[in-house]
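The structure appears right after this line, and notes come after that.
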Amino acid sequence: MSSKFMKSTAVLGTVTLASLLLVACGSKTADKPADSGSSEVKELTVYVDEGYKSYIEEVAKAYEKEAGVKVTLKTGDALGGLDKLSLDNQSGNVPDVMMAPYDRVGSLGSDGQLSEVKLSDGAKTDDTTKSLVTAANGKVYGAPAVIESLVMYYNKDLVKDAPKTFADLENLAKDSKYAFAGEDGKTTAFLADWTNFYYTYGLLAGNGAYVFGQNGKDAKDIGLANDGSIAGINYAKSWYEKWPKGMQDTEGAGNLIQTQFQEGKTAAIIDGPWKAQAFKDAKVNYGVATIPTLPNGKEYAAFGGGKAWVIPQAVKNLEASQKFVDFLVATEQQKVLYDKTNEIPANTEARSYAEGKNDELTTAVIKQFKNTQPLPNISQMSAVWDPAKNMLFDAVSGQKDAKTAANDAVTLIKETIKQKFGE
């Protein structure tokens, strides 16, 4: 799976995605409302990232045998396809089914770019995944396909067992073997990209912060300047006082963390499942575990993310698309998804199947996902990322105290939401 698509929820908020030119990616449809009947449908088109090709090819054969419907596969830039969905809906040139990161589902649905989706009993959703595909208006615009969460990677050549608490990490930082060359008193024992709000949210939320109220749906209730948020920011700052100056580089810290870990100079890091392949390629003897318990005894409540199957608004036959989505999220097809991609199924029965494979990364993601909070999928979330990044940088660099940085960020978020959304 391309790391670009897998980690989309981590980066979509830090940059504005430009509209990308993409070869038309779907079956041509007439510019008219979706037909509800499916008796005449003989072919469907599904558009996915290249990494899902093998998976779709296998389940497409099964679906053609079961339903008598041929599935045509088109691959390309999945994020680019979402960016130009508005234009494609207008032209009627859309695939019948495609995939979208959860944080795009609610906003695209609310903007009228996606059809409503019914969650079948066979989907075996849980509360978190259902929330991730439900917009603020209460309508469901996707069927959960994959779950993702940040986890902890640790170097088995440096530490025998996975650190269980942040106190364990603090003790590692006292070990002189992790001293950073060239900067006296600095350590790389544990590293986390905590000027990136996606990575830091679990620390803040574990202390009682939240982005929006009502499970991420109420943009008028912002909880990033409460006592919990300030406590989390101050704890992050205590680590930045131990870390090399380069960790404050909002653009380059991620590369620094990866390099230090791959070179055996860092014992533990927080990152996503999309980094596993790079560590394998670098021949790091790594383990994967849940993120350690916070100093307050609470769990690291990272954003729960992943991807869903969605149906564009302009599909010719909504019922036929819905039936194929139901097929894709059923347990057997979700098992195939795991076997072909090693991505964690959203379907809880298939998730148990994946956990039974005794893969460290799989087990860690599944366990960590239980402590996650849904990544808000409302359009107003776009107003959060940059102010939140600035909040973290200003505080950990010492340019502002945590309370001032948090209050300034919330003020800017509210102003931006008012300007963009009239609220």
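For all residues, glycine too, the Cβ spot is worked out from N, Cα and C.
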Record-annotated substrate site (Swiss-Prot): member among Y52, Y178, Y235 besides D77, D83, D103, R104, E148, D193, N196, E251, G252, A253, G254, W274, K307: Y52
Extent of the substrate binding site in Å [max Cα distance among Y52, D77, D83, D103, R104, E148, D193, N196, E251, G252, A253, G254, W274, K307]: 30
E251 (substrate binding site) CB neighbourhood, other CB atoms within 10 A: 9
CB contacts for D193 (substrate binding site) [other CB atoms within 10 A, all chains]: 25
Most crowded position, judged by CB atoms within 10 A, among Y52, W274 as binding-site residues: Y52
